[in-house]
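S.K.: Just lifted these from TrEMBL, have a look:
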type	residues	note
DOMAIN	B:131-518	domain 'Myotubularin phosphatase'
BINDING	B:ASN280, B:ILE281, B:CYS343, B:SER344, B:ASP345, B:GLY346, B:TRP347, B:ASP348, B:ARG349	substrate binding site
ACT_SITE	B:CYS343	active site, phosphocysteine intermediate
COILED	B:535-562	coiled coil
Amino acid sequence: RFVGPLGTIIIKCKDFRIIQLDIPGMEECLNIASSIEISEWRLSYVNQEFAVCPSYPPAVTVPKAIDDDALRKVATFRHGGRFPVLSYYHKKNGMVIMRSGQPLTGTNGRRCKEDEKLINATLRAGKRGYIIDTRPLNVAQQARAKGGGFEQEAHYPQWRRIHKSIERYHILQDSLIKLVESCNDQTQNMDRWLSKLEASNWLTHIKEILTTACLAAQCLDREGASILIHGTEGTDSTLQVTSLAQIILEPRSRTIRGFEALIEREWLQAGHPFQQRCAQSAYCNSKQKWESPVFLLFLDCVWQILRQFPCSFEFNENFLIMLFEHAYASQFGTFLGNNESERCKLKLQQKTMSLWSWVNRPSELSKFTNPLFEANNLVIWPSVAPQSLQLWEGIFLRWNRSSKYLDEAYEEMVNIIEYNKQLQAKVNLLRRQLAELETEDGVQESP
Amino acid sequence: MERYRMEWKDFPWCSVEQVKLLDRFSTSNKSLTGTLYLTATHLLFIDAHQKETWILHHHIASVEKLALTTSGCPLVIQCKNFRTVHFIVPRERDCHDIYNSLLQLSKQAKYEDLYAFSYNPKQNDAERLQGWELIDLAEEYQRMGVPNSNWQLSDANRDYKICETYPRELYVPRIASKPIIVGSSKFRSKGRFPVLSYYHQSKEAAICRCSQPLSGFSARCLEDEHLLQAISKANPANRYMYVMDTRPRLNAMANRAAGKGYENEDNYSNIRFQFVGIENIHVMRSSLQKLLEVNGTKGLSVNDFYSGLESSGWLRHIKAVMDAAIFLAKAIAAESASVLVHCSDGWDRTSQVCSLGSLLLDPYYRTVRGFMVLIEKDWISFGHKFSESAIFKNLYFLGVRCGHLDGDPKEVSPVFTQFLECVWHLTEQFPQAFEFNEAFLLQIHEHIHSCQFGNFIGNCQKEREELKLKEKTYSLWPFLLDDQKKYLNPLYGSQSQKSAVLEPNTVSFNFKFWRNMYHQFDRTLHPRQSVFNIIMNMNEQNKQLEKDIKDLESQIKQRKNKQTDGILSKELLNSVRPESPALKATLSLKEQALLPVNDVLRTIEGSSPADNRYSEYADEFSKAEPAVVSLEYGVARMTC
């Protein structure tokens, strides 16, 4: 199926853009699969026809010890058929992040041996893992009434469960509407502005999401433990956490290509329902049941980390703003549909162009490149204190005030950096010239 | 720091070992253990990693001894530069001793005990005097274009007879005679009659300042009315002038009952009277207190932070000051109208508005040196606070507002801090308009309270002369100028922003919490990489590279010339040969040095979870759920 030179596909396929759509994601999957000891993980095509899980891609990475039949069984035990799959492999210590939907324990405490076996297969002998449930305990308990639930300690003794509270659906949407509304009001006094900013709760959501992502990253990197992350469906808050944890942990995801791959893998392939979530944005009058700025919150969190580590990202703020715009309305097919299955049915690969093929052209890339970027191989731990979080002015105040002076300052900064490069090059050139002249002189003088 | 070290080694008053320094925000008890030293001027903590924390006694705002805990006696010290440190001293007696010493050391009763009088930066008398002469206000008025045909230097206050708290040299309208000045001063609170603060040469308009008139409900003063008329006549461009009362209307009206008040438009010809509603020092003081309480909270939630920010009113006050300054600048820039500014006594809000207004109008004040001049002019020379309730009869306003001496705490107020914050907001909106950077503002704020230099000590010009500050202490400005590199804005210089009248946008969302001021010492809250520093260093590097290129080019030229000459004389050879290997060595050294510079610049500060207060996340681990085995060992591992 996916034959051909791995890792170079995007660059080679400049002219036949159409088939690029899901290649970066697959490539990443395969890269991960190939970089992991073969004895532990394998690529499974159990979902090739989208029959086992409609929101998963055809190929997913699972523990080697679990066969496809077991996966089918586990799928019936997880919300939306979203059985635990590999999301991220931490090369440093071999620990992993997995994600899934909630277990369907229901009120009578159903269990699924295969599910337990699957996630236990990811643990090293004697090691414990963490399950991060993005819902508060009481919400998770209530979910049992509707057939959902959470992993019982008795059945998962090697796992420690942590509940966080990341909001979802209309609560986030209301938050966005309130925030945008108050940003648009130029006349309000200071007290009103601050109280509306507070009442929107937007930055509270940012803090919750970032804190959970840091917790996940900490489990992995500091505790040396593998983790499983899920909420209810495993298509929203779960993806925010898994993708942000990777931004924190994995230097590659802070590069442009790496970030594109992350979006492909953790958002598009992982089945975040873009069509449902990003249909209307902030100015919709009618209540849209599925509308929710989950992806925007993720981008905002990335921006917060970018603000704190301005040299550790290859892309700049404009890149994030561009992604935000295309997620809501785009001439490209990338963000259409709710999952891979729908995108296949819509034949998007044949009928539309990929956003990445456009973005990755040098002329576009230059707009999105951070001039201060210097590869940083460390784990970057952001501060989540309220004093460290800021309103993303580039998004929310963009149309409400002139950014002329800020833009000019940015240009000046770019100029200084460019000038520095030129000067360095020139100095090196002159030094070489001088050295050549000196050796010539030496040759002349020595006889 | 080297300087301090010399001093404290000479006088180590006392030291206590095994003291713990707690992380201010940590919810777990993360701490550093080290030794606490007390010197004549500083408190010093050296932790196990030999990292030093210096706290000047003058910076200490409050010392608090908390209830004894199992690990020792907690001591919380809050500083005027918004540093908060939390020590745990193992023995209660030691703690008590430190507490008492600090209480005494931090509150000086006499000017002579202030640090500035003992501070010795090893300069000779000539250098010291030169330092004091660096900023010359007469020169500054000349720069503005006064004296001229409409404005003159008045000698009325040469012996401080008319107004004790004004400087000797005052500029007034040429047509205002001495009797008019004397008459007007009698009608103004504390004798602070209208004088020139800033003259806008091309608009021929002036910013004047004074205190409130003693008008009560109906009193008039013909001389005062004449003086105001003289000010408006001194402006040929616009015969109307604005009178800005920077107080809220209610406050001004209340003052009438005490025989004070504001100008009645009916009595003064050609004035437009305007209230701008900046709150008084007491409101400002409690506002800042609330702000500090909120942002000092452990485990602060986003909602508490913003509701605290709102209820403190701090940003509202900042916006009010800014709006007033914009009103002032617009009157001058757009209408060429002169403006007279006052509040009650004309040394708090008036100074804020006059200095900010000038800063908006005149790009000179946005340079490093110009900013020093502005502070000297509007804050130091005109400023004063007479405080009957204080122990000392005449307390200089900055001294009082910043609590240099042990006085009435009700007189302490962050007026100057607000001024600096307004300037910071301007630098955020106009990143290329200021020659200086944030560090410059923070450094000035540091020294407003440090009493290390003589600038901010003493009482008006009169008392400063009596204290012989210029003989006994040093001026801050030359030290800042020597260190100028640190305070330069690398982006300064876009012509459009550099020369223009600044018109800031004061829609509420433009005002942000100034983290670097109020959390200057809480490094973990700061971004881990600073774009600013990188660009600043790169700018420096560029200058060096430009020089290198010139050197290299001239060397290459020299070489080439020699080669074309073909035959080299023996002497020339000898003079060049020994030089070149050395040169080569320095060059290659530079080449090596250049590249790592970037790496050093971009090193990430404090990017380890231990520094990052991830205890917030780690709490998750310590909150053991009933059914789950406790992860105590996990916590221990995570915090170490």
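Every residue gets a Cβ built from N, Cα and C, even glycine.
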S.K.: Hey, what's the Cβ neighbour count for B:ASP345 (substrate binding site) at 10 Å?
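M.R.: For B:ASP345 (substrate binding site), the 10 Å Cβ neighbour count is 21.
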S.K.: Once near-sequence residues are set aside, which residues in the chain of B:CYS343 (substrate binding site), 6 or more away, have Cβ atoms under 8 Å from its Cβ?
M.R.: B:SER211, B:GLN212, B:ASP245, B:THR246, B:ARG247, B:ILE278, B:ARG349, B:THR350
S.K.: Counting across all protein chains present, how many other Cβ atoms fall within 10 Å of the Cβ of B:ARG349 (substrate binding site)?
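M.R.: If we count other Cβ atoms within 10 Å of B:ARG349 (substrate binding site), we arrive at 29.
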S.K.: Substrate site residues B:ASN280, B:ILE281, B:CYS343, B:SER344, B:ASP345, B:GLY346, B:TRP347, B:ASP348, B:ARG349: biggest Cα-Cα distance, Å?
M.R.: 12
S.K.: Which residues of the same chain, at least 6 positions away in sequence, have a Cβ lying under 8 Å from the Cβ of B:ASN280 (substrate binding site)?
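M.R.: When sequence neighbours closer than 6 are ignored, B:ASN280 (substrate binding site) has B:ARG247, B:ASN251, B:SER344, B:ASP348, B:ARG349 within Cβ distance under 8 Å.
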S.K.: Does DSSP give B:TRP347 (substrate binding site) helix, strand or coil?
M.R.: coil
S.K.: Would you count the other CB atoms within 10 A of the CB of B:TRP347 (substrate binding site), including those on all shown protein chains?
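M.R.: Other Cβ atoms within 10 Å of B:TRP347 (substrate binding site): 27.
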S.K.: Looking only at DSSP and grouping its letters into three states, which state does B:ASN280 (substrate binding site) belong to?
M.R.: coil
S.K.: Taking 8 Å from the centroid of the Cβ atoms of B:ASN280, B:ILE281, B:CYS343, B:SER344, B:ASP345, B:GLY346, B:TRP347, B:ASP348, B:ARG349 as the cut-off, which other residues in that chain fall inside it around the substrate site?
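M.R.: Going along the sequence, the neighbours appear as B:SER211, B:THR246, B:ARG247, B:THR350.
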